[in-house]
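Here's what TrEMBL has on this protein:
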COMPBIAS  1239-1258  compositional bias 'Polar residues'
COMPBIAS  1259-1274  compositional bias 'Low complexity'
DOMAIN    35-239  domain 'Ion transport'
DOMAIN    513-789  domain 'Ion transport'
DOMAIN    835-1083  domain 'Ion transport'
REGION    388-411  region 'Disordered'
REGION    1237-1307  region 'Disordered'
TRANSMEM  36-56  transmembrane segment
TRANSMEM  157-179  transmembrane segment
TRANSMEM  221-240  transmembrane segment
TRANSMEM  507-531  transmembrane segment
TRANSMEM  582-600  transmembrane segment
TRANSMEM  643-666  transmembrane segment
TRANSMEM  760-783  transmembrane segment
TRANSMEM  837-857  transmembrane segment
TRANSMEM  863-882  transmembrane segment
TRANSMEM  902-920  transmembrane segment
TRANSMEM  962-984  transmembrane segment
TRANSMEM  1049-1073  transmembrane segment
Amino acid sequence: MFHEDAAGGWQLVAVDVNKPQGRAPACLQQMMRSSVFHMFILSMVTVDVIVAASNYHKGESFRRQYDEFYLAEVAFTVLFDLEALLKIWCLGFTGYISSSLHKFELLLVIGTTLHVYPDLYHSQFTYFQVLRVVRLIKISPALEDFVYKIFGPGKKLGSLVVFTASLLIVMSAISLQMFCFVEELDRFTTFPRAFMSMFQILTQEGWVDVMDQTLNAVGHMWAPVVAIYFILYHLFATLLKQSEANADTKEKLPLRLRIFEKFPNRPQMVKISKLPSDFTVPKIRESFMKQFIDRQQQDTCCLLRSLPSTSSSSCDHSKRSAIEDNKYIDQKLRKSVFSIRARNLLEKETAVTKILRACTRQRMLSGSFEGQPAKERSILSVQHHIRQERRSLRHGSNSQRISRGKSLETLTQDHSNTVRYRNAQREDSEIKMIQEKKEQAEMKRKVQEEELRENHPYFDKPLFIVGREHRFRNFCRVVVRARFNASKTDPVTGAVKNTKYHQLYDLLGLVTYLDWVMIIVTICSCISMMFESPFRRVMHAPTLQIAEYVFVIFMSIELNLKIMADGLFFTPTAVIRDFGGVMDIFIYLVSLIFLCWMPQNVPAESGAQLLMVLRCLRPLRIFKLVPQMRKVVRELFSGFKEIFLVSILLLTLMLVFASFGVQLFAGKLAKCNDPNIIRREDCNGIFRINVSVSKNLNLKLRPGEKKPGFWVPRVWANPRNFNFDNVGNAMLALFEVLSLKGWVEVRDVIIHRVGPMHGIYIHVFVFLGCMIGLTLFVGVVIANFNENKGTALLTVDQRRWEDLKSRLKIAQPLHLPPRPDNDGFRAKMYDITQHPFFKRTIALLVLAQSVLLSVKWDVEDPVTVPLATMSVVFTFIFVLEVTMKIIAMSPAGFWQSRRNRYDLLVTSLGVVWVVLHFALLNAYTYMMGACVIVFRFFSICGKHVTLKMLLLTVVVSMYKSFFIIVGMFLLLLCYAFAGVVLFGTVKYGENINRHANFSSAGKAITVLFRIVTGEDWNKIMHDCMVQPPFCTPDEFTYWATDCGNYAGALMYFCSFYVIIAYIMLNLLVAIIVENFSLFYSTEEDQLLSYNDLRHFQIIWNMVDDKREGVIPTFRVKFLLRLLRGRLEVDLDKDKLLFKHMCYEMERLHNGGDVTFHDVLSMLSYRSVDIRKSLQLEELLAREQLEYTIEEEVAKQTIRMWLKKCLKRIRAKQQQSCSIIHSLRESQQQELSRFLNPPSIETTQPSEDMNANSQDNNMQPETSSQQQLLSPTLSDRGGSRQDSTDPGKPQRKFGQWRLPSAPKPISHSVSSVNLRFAGRTTMKSVVCKMNPMTDTASCGSEVKKWWTRQLTVESDESSDDLLDV
């Protein structure tokens, strides 16, 4: 540790933790630190808790001052006092109280020591005795960490407690001053009563009774004011607690300072002159540069003064060498400090330079460097450039090679690029590593299975009998795994067809055909069980037994097929591989045993009745058959550790308060049922009790006549629903209080029978148990569900991406037909109906019509007729509205919108009501008119954005929580069936009556729905606990008795309330709250704002002229070009992005039509940073898709460039061929003229020599002409003529020739060769004269010429290649 010496310096000193700090011997020190000692103390604490929990009320005859429980408490108190003294002796008092745990133990020692004093026993000091159970948290390290995680800091929890207490004190004082003078109102006569009343309102339990009593006492004049006061108090407390919870996230300035935000910004600028001027310096805010201004004002002398002097540092040394060493060290230290300071200044200057250069570069790129307003780039362009830069860094670039001679800016940029390149490589390696680990794990499992399959002949053999590839097993596999193919694909192209009923197809493909059959059979069996009752039992009803036989037979077939296909237990895909398989086998065995047994007499609380209760678990089969419901259960209970720990904390809290309640209230809550008797000794005999008569009977008593009543015996007993005579009953009472049901009654009884001071007990428990403990339990359940679902572990960007996908799923096209082209009557109607003023007027008319229902419509009331007449007028106005829309949009266009269909339906119902109203004019027509007005009011939800968002929130919440709701209903159905078996014949009591009972499954469902809301569930439970002598038992059949089941009711109602009310219902609330935050998030928190979606809907409405929700792929290009704002694609800058997006749409359905959500999903993926927003699996799939798209687009680009080059070459070739063709025609004409002279003497050598000489003179000209001609196979010597008609054109080797007169071959050939070919050698002449010349030489000449031409063309088009 660091220690400060006398000179003010710090020294590192070694500390021995095991060094004894007290005066105890070493052996006691070691014993105190040993784990055996700690385990012994914790075991003694456990025994003490068990002894305290075993205490119970023994009656007045057994009350003694010093019973065995008192003696045990004295012994344990002495033991723990000795423990504290031993720790103080070993650690010392200072070391002992330095630990928070030891402080708590010392407080318990002092309190329990005072508690064992006889006069203080069973007093408020009992708290210290029962708080010893808190020490048991040290037994489990997981529980200790969990408690510290929740209550460790304690700052927020303490602030919440202080805030709530302050609020209650202030509001109690205000209420006391307001209502203390009111007569006949005793709730606010004193401050404690006012505090209890305001606390009761805060807990929402019976707060309506407090308000009603106050309203009746103050009178009708002040009643509205008082009602508003109580309601606002409740809302004020809720809102303040919410704002207190969110106070840490608010970063806004006060309103008095935020007023400056309303004025235009005029920031003060400063120009920097002492920085490198090799770049243009932009203006920078003065507030930004303020931290760098004082660089020149720094004085090095201050740094020297801050260092210790040589003399002061060496004053303690006597030798001169030591002084010299100290001086040397001092100089070194000063130099190092100077270098560090200089290095810091250099780093600061470098950082400012880097920031300025980045700012300048950004301004130059954005085009706003010269003060021009920069155009905001779209999010698609920004994300595209981010991905391109990331991929260029991944593949490496030449800019990362740093060489000598580069400037500082280039080096800084290269360094940053290198760092980003390494980061990108690291991210890619991490993703690839995770992917490789998954693949390796999968491969290892497959390898292990293959090894087991090879080495063990009985592996993967169902029941060790059926072979692996047996025909019967393959047949069973086909039957078990057959399912509907939800994705309809084109057999030719392979594209997925967009069918109209794709949702129905997805539902059919959800499970296999066999599971669908079993779902239907299970539902039919549950419907059959709905008809069972204690008076119509399945054992005595043959019609109900049919469904039982069908269920058992079908389930037998299903299990046999699955066992033969997948195995029972020792196979990779066995039936019993998880809890679902165990539940299936259990339900089947229970049903089979019951069907085979079919007991005729079922006694109460017997094994046969238990079998009938277990049979009621049959609806849970659907959890196993539907995969989404299995997923909900797995997400809810897979991480059960935290739920278990918080349950232990709540049970510990209940145990503490239950033990304290037994010590204080055992036997003290009993009272005589005769209110005139106070002492127990006088509570005997009988007395007359009056019967309450309903006011509706109008029963009037005669003078001297008594109210009806009867005589009952006097009984000294506890309250009917709770007592604290033992720990079990006390914990049951506290569990009921934990649900905030009946706690007011418990408080009033304790205050009335024990004393007002003991009312603090129940208030403290309600605050700690309900407002903190129960809220903690619900929060842990919801957090565990979100964590297992994956949402709790998402980053902010990933959560925003999930929210965006949820919002895009419910987004739909506008279904608004286009405006008519002409400016005729329809166009004017269209403009009127789409005008905002028209829509607002219709909304106001809807609200005005709804106001008519504020008065009851009664036939006998004369006010009803004018109200109905006004409603008729409104109906005709709405008819006019619908007519105008139909004219403006056409009937087909009007029918496209669902909202228009709903308006047409409601308007049609309104017209029907008008006709019936004037025809009949009775109560039924008035009722129908009120219903039409209510239906009309719901149409306003689609006409306002906020109301539409509310409606969408409810719809999406129902959609997301569909399987949770179905799971709740299945659980409720199981409990209803079990309730009919257990409590179907219970006698009526306080809450079990003819309207609410368990006589049938339907009535049981209504009672359970009532319990879900928390309405008097504890009173219904106590009615079902009725036991003799208050009921009539029967030993043979449970349906012949009217008694309840104490243990069954306890487990039944408590488990139902915890599972349904605490877990499932709060999950629904959490999902709804999540959706509200989804739709009401700010624009800054949304990746795509509402305006972006609205703009896309409008553009889609322009492109989708048929309003079918799909468009051809080629129209996507027009749609992308029409987008503006944040979704705009600039073709000048982002042409490659445009190609990628278009190809992605073409690739999606193999060139087929794309839907609204397809294009919107593509835009959403392109508008986010997938590395930050997407999860791993989705990220890998998306990156693979984008890589594929980039490769294909690159191939297409290269292919198009090659086609362009070839097209350019062909164009040049065609141009050259046209020249060659014209030259050849001229040559053919000249050739024909020379070949047909008027007279030619071929035998005169002189003429031949002259011709030869002329040919020699003309050789340069002909040679130049020969270079212009492309050599072809037809230019060979010897014009070989076919035996064809000489009058027709002749073709030789692919070239058309003009006809010529028959001439001597040798003469003609020689003439051509000598005149045009320019050949002077005899060898060439002989070769040309040969008509069978080899074609290889001519082919080689053609090849050489084309090679030369292609080389020239490629050289000319090299610049085009660089441009591309």
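Any Cβ shown, glycine's included, is placed from N, Cα and C.
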Completion exercise
Comparing 157-179, 643-666, 837-857, 863-882, 1049-1073 for Cβ pairs under 8 Å with the transmembrane segment (36-56), the winner is 643-666
Handout entry: Surrounding residues of the transmembrane segment (643-666) on its own chain - C-beta under 8 Å, 6+ positions past either end
Key = 49, 52-53, 55-57, 122, 126-127, 129-131, 133-134, 136-137, 142-143, 146-147, 637, 724-727, 730-731, 733-735, 738, 750, 754, 758, 761, 765, 768-769, 773-774, 776-777, 780-781, 784
Handout entry: Proximity verdict for the transmembrane segment (1049-1073) and the transmembrane segment (863-882), three or more C-beta pairs under 8 Å
Key = no
Completion exercise
Under 8 Å Cβ-Cβ from the transmembrane segment (837-857), and at least six residues away from its ends along the same chain, one finds 863-864, 867-868, 870-871, 874, 877-878, 881, 926-927, 929-930, 933-934, 936-937, 939-940, 943-944
Practice task
Give me the mean pLDDT over the domain 'Ion transport' (35-239), rounded to a whole number.
Solution key: 80
